[in-house]
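One structure is given below, encoded as structure tokens.
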Amino acid sequence: MARKKISLIGGGQIGGVLAQLSALRELGDVVLFDIVEGLPQGKTLDIAEASPVDNFDVALSGANDYADIKGSDIVIVTAGLPRKPGMSRDDLIATNAKIMQSVSEGIKQYAPNAFVIVISNPLDAMVTLCQKITGFPSNRVMGMAGVLDSARFAAFIAWELGVSVKDVNAMVLGGHGDTMVPIIRYANVNGVPVMELLERKYNNDKAKAKEVMAALVKRTQGAGGEVVGLLKTGSAFYSPASSAIAMAESILRDQKRLLPVCALLNGEFGVKGYYVGVPCILGSNGIEKIVEFSLDAEEQAMFDNSVAAVKELVDSMK
């Protein structure tokens, strides 16, 4: 049986880590595409030369021609300018929209049967543009945001409580921006509600527990900017790459994982015609199901606010 083929569009920081992770997990043969000659070839050669040490058997190649992504099973798009300190994700829209147009046309021509995972910012707008230009069905075009935002939320909870990140379950919905919605009610450590653990940590001081949780939520919403501010020359790349690989692996290996995915909604959660982060089951058919659940009044208000921000951003491209 032929190996799967994974094409990565954009040979920058995220693209390089994506190529390495794809190889380490042996998800399939890897093509790293970039417009800069030599860059993707050099990165993939470097990773391939580690194969005897890391024990992986996949072919890696660099490309400067979209024809090389032909026959891809999955395409992950990271192409675009990264954020710099003081910039919001939305500040990138004009420049990255032009890049996304050309990328989407290349995918449509050479990988018409591929699943597409978009990472480029501003995510909600870029994935919308990609789906519109490719014309692919919505189950095959999705954005990576919620997996990363949820991972950040879970990490902050684990560090606050002094527990293993492996035991923390946390979900973040909505747009990939400052209005994202961490769902506090369902956050738990191996089934024990996080709020209950926080209250116990602070001697049953409910006000203090709420204050701490509010700080964790705020840090989650600004987590990308926190990394940008520290790096000064770019944005996060390890955690976004890991998050996209989790999605790709669930599709390629038909794992049926329930993950927060930026998906095109058709009435779910009361939203129609926009890409928003919601829980989805990812399997061999891409987005196989959008999983709805009830939101309380506060969560619904935050979700509505997040959707409004997404609509404003996406509509600004029209």
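A Cβ is built for glycine as well, from the same backbone N, Cα and C atoms used for every other residue.
When Swiss-Prot records Gly10, Gly11, Gly12, Gln13, Ile14, Gly15, Asp34, Ile119, Ser120, Asn121 as binding NAD(+), the matching candidate from Asn55, Asn96, Asn139, Asn169 it lists for that site is Asn96. Considering only the residues assigned to NAD(+) binding, Gly10, Gly11, Gly12, Gln13, Ile14, Gly15, Asp34, Asn96, Ile119, Ser120, Asn121, the longest pairwise Cα distance works out to 17 Å. Between Asn121 (NAD(+) binding site) and Arg83 (substrate binding site), the C-alpha separation comes to 8 Å.
Sequence-distant neighbours of Gly12 (NAD(+) binding site): residues of the same chain at least 6 apart with a C-beta under 8 Å from its C-beta are Asp34, Thr78, Pro82, Phe237. Just so you know, the Cβ of Asp34 (NAD(+) binding site) picks up 22 other Cβ atoms within 10 Å once every protein chain is counted.
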